[in-house]
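The block underneath contains the structure these notes are about, expressed in structure tokens.
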Amino acid sequence: MAMDEEAPLVVEISKNENSIVNHEKDVYILSSAFLLIFLAYGAAQNLESTINTEGNLGTISLGILYLSFMFCSIFASLVVRKLGSKNALILGTTGYWLFVAANLMPNWMFVNFNCQQLIKPSCRYTMVPASLYLGFAASIIWVGQGTYLTSAARSHANDHILNEAVIIGKFNGVFWGMFASHQFVGNLITLALMRDEEGGSTSGTTVLFLVFVCTVTLGAVLMCFLSKRAGKEEARQQDSSASSVSSVATLLKSIITLLQDIRMLLIIPLIAYSGLQQAFVWAEFTKYIVQPTMGESGVGGAMAVYGVFDAICSLLAGHFTFGLSSISIIVSGGALVQGAVLVWILLAHSVTAGALGILYPLLVAALWGIGDGVLNTQLSALLGILFKDDLEGAFAQLKLWQSFAIAIVFFLAPYISLQTMLVIMFVALCFSALGFLFLTLKVERAFSYRAA
């Protein structure tokens, strides 16, 4: 893989009469590649807590994954700068391929302690090493995605003399709308291939994960067709990053500076909550709400409903994003929806048979998908608007705090009840919503002061 010269993660692409980059085409290629990769990974993740239950292997593997993701996010922007965003995206796909393949033969470690011998070569892909590597791969693919998409939006706005905030919102809406549909497509495949057998066992998992390995491979190939993000500023920036040591020092300074920025401090609780609510679906919702009434094969159907509403809401939220005021209204609406769902489950949840038992988890999935679509689209747009001068640091903070919150849920899930988790989620939602509303008032007041 050829490596780009070390360059800033987001650069402006100047107009060139001989070679005009189609930024919208790149957005659709990027979105399609993520759809193919995450329809496999998302469905696999949804099933981890129900199919790999021995020693809580599935849940703990996901906790290890997101803990690795958290630590690697600190230096992910440096890796993306070294490789270039396109090459980082391609490299990131390898972690998802390995994790999905590992589910064909899930084991704790490379050594079979019962037999005191090495596991056969066909079993060499095991969950813990695959989870650790995916943490690294996920950190660079998501920082690469955030910077690549924002770069494309800014370049498109510059080339066509359009409002930058509107294009950032539009491009994020397209990406997150297509991305969210991975839950629908991936879980429909799960629903079609998995079957519940007598005695609580499930058939079809091997065929399912073989299909998923193929889709991840196709997504990785599609990444190769992305245009490179480069421009005139590249040569100028190269002089300011002469060594890896200075680059690391600059990165750490950037992270520390952002943590001293009141705007970032007020956004971090909402970022962390976005991670909590995603992990809640993967670790708690599928296990305690869907599986008791619909079975393991029903997890795919419920998550498909979740994905449909997530995708629709992402597209609509992106379409109606025009600036900070619209983001405030949309986020407040999403928070109200998820808050109502949390209270509903906390006060009225019970395992019910019949049509009502099937309708209940599907309705919860639909409402939760609405909230997730809002948070994904609006957080990315918000960071792109408020931190345009330090996007690499901003997106690193996004994935750092999201993965931290997700890891906490997966490690705590085996030891706390559903009711306790719901209370934690509700308190976190209220706290993050208040911080976000305070941020919008502070920023709008600053804009008003400048205008005066």
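Cβ coordinates come from backbone N, Cα and C, glycine included.
Features reported for this protein in TrEMBL:
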- 27-44: transmembrane segment (TRANSMEM)
- 56-76: transmembrane segment (TRANSMEM)
- 88-110: transmembrane segment (TRANSMEM)
- 130-150: transmembrane segment (TRANSMEM)
- 171-194: transmembrane segment (TRANSMEM)
- 206-226: transmembrane segment (TRANSMEM)
- 262-283: transmembrane segment (TRANSMEM)
- 303-324: transmembrane segment (TRANSMEM)
- 336-360: transmembrane segment (TRANSMEM)
- 366-386: transmembrane segment (TRANSMEM)
- 398-416: transmembrane segment (TRANSMEM)
- 422-441: transmembrane segment (TRANSMEM)
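Pairs of Cβ atoms less than 8 Å apart link the transmembrane segment (398-416) most often to 262-283, out of 206-226, 262-283, 336-360.
In this chain, the transmembrane segment (206-226) lies close to the transmembrane segment (27-44): three or more C-beta pairs between them fall below 8 angstroms, excluding pairs fewer than 6 positions apart. The recorded stretches the transmembrane segment (422-441) and the transmembrane segment (171-194) do not share 3+ CB pairs below 8 A when only pairs 6 or more apart in sequence are counted, and are therefore not in contact. Here the transmembrane segment (336-360) does not touch the transmembrane segment (303-324). Their Cβ atoms form fewer than 3 pairs under 8 Å, with each pair 6 or more residues apart. Contact between the transmembrane segment (303-324) and the transmembrane segment (130-150) is absent: fewer than three CB pairs lie under 8 Å, with pairs separated by 6 or more positions in sequence. Most Cβ pairs within less than 8 Å of the transmembrane segment (130-150), among stretches 27-44, 56-76, 171-194, 262-283, 366-386, belong to 56-76.
Using a cut-off of 8 Å between Cβ atoms, the transmembrane segment (262-283) and the transmembrane segment (366-386) share at least three residue pairs, counting only pairs 6 or more apart in sequence.
Taking every listed stretch (27-44, 56-76, 171-194) in turn, the largest tally of C-beta pairs under 8 A with the transmembrane segment (366-386) is reached by 171-194.
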